[in-house]
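According to TrEMBL:
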| type | residues | note |
| --- | --- | --- |
| TRANSMEM | 28-50 | transmembrane segment |
| TRANSMEM | 56-78 | transmembrane segment |
| TRANSMEM | 114-130 | transmembrane segment |
| TRANSMEM | 137-163 | transmembrane segment |
| TRANSMEM | 175-196 | transmembrane segment |
| TRANSMEM | 203-223 | transmembrane segment |
| TRANSMEM | 235-259 | transmembrane segment |
Amino acid sequence: MRRSARRTRSCASASCGRETRPLKPPAISVFTLKVVAIVAMTCNHAAYLFDGVMPAPLLFVFYAVGGLTFPIMAFLLVEGYRHTSSLRRYAGRLLMFALVSQVPYWLFLAHTGNVLFTLLISLFALYLYDAMQSRPLFWLVFAGLVLLSAACDWGVLGPIMVLMMRTVPDERLRIVYPIVLVMLASGIPQLLEFLATRDLMTLSFALYALLGSAADMPLLMAYDGRRGRPMKWFFYAYYPAHIAVLGLVAMGMGANLPLPPW
């Protein structure tokens, strides 16, 4: 009896060799975030270019996944700004690939500036926020940058989201606030419009802003500061390349392109 009791106490103290440890959320690196952004961006542009060819349920899924893209890009821009060894070279890369990307973007997606111009404007806003001593003057200049960004992909929301991710003091809220902004400024209005019109394309845009952006919250909160495997140049080059490839494939399949292929 004594041996049995002693063995029971021993098993209780050591859990019989099986300790239960609290589950930790998976740590996410810059590399992982870039891979997610690439997949999401590809889904978004494929849904846009193959509208009318792609089945409606798949179209909705692709648009919802596509909503992950820009919050991740904005977050990575802020991280890049914080850790870059040369802001001039960083801005130069953005400008170079923005110019290259503008050709396929203009041909196949929209007659506006592509998202790399939005990020370049946002990067300039981050620099001015730290460099300018006069806050009233900064906000005046920032308002001009926001208006300039209105002619680019993601419009006025882009620089505002980026600046929020840089300036909100709380680490979690600097992720939550910009995403909630997307939901309030785009997702909710699109959802209300769908309820009024029952237009399925409007529903896809609502899913983009609501589900996709919301899914970014746990991803970005799990970021642990690691860079992971380097893919700097591939990440930049993939943007114009995938637009060109998807656009040409869509033309070959006879998809109803949003714009004429000039």
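Placed from the backbone N, Cα and C atoms, the Cβ positions cover glycine too.
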Two-stretch contact, the transmembrane segment (175-196) and the transmembrane segment (56-78), at least three Cβ pairs under 8 Å:
yes
State the residues, same chain only, that lie 6 or more residues beyond the ends of the transmembrane segment (28-50) and have a CB under 8 A from a CB inside it; answer 'none' if no residue qualifies.
59, 61-63, 65-69, 72-73, 75-76, 79, 108-109, 204, 208, 212, 219-220, 222-224, 226-231, 235, 238-239, 242-243, 246-247, 250, 253, 255, 257-258
What residues in the same chain, six or more past the boundaries of the transmembrane segment (56-78), come closer than 8 Å to it by Cβ-Cβ distance?
30, 33-34, 36-37, 39-41, 43-47, 50, 115, 119, 122-123, 126, 154, 158, 161-162, 165-166, 175, 178-179, 182, 200, 203-205, 207-213, 215-216, 219-220, 223
Surrounding residues of the transmembrane segment (235-259) on its own chain - C-beta under 8 Å, 6+ positions past either end:
34, 37-38, 41-42, 45-46, 48-53, 93, 97, 100-101, 103-105, 107-111, 114-116
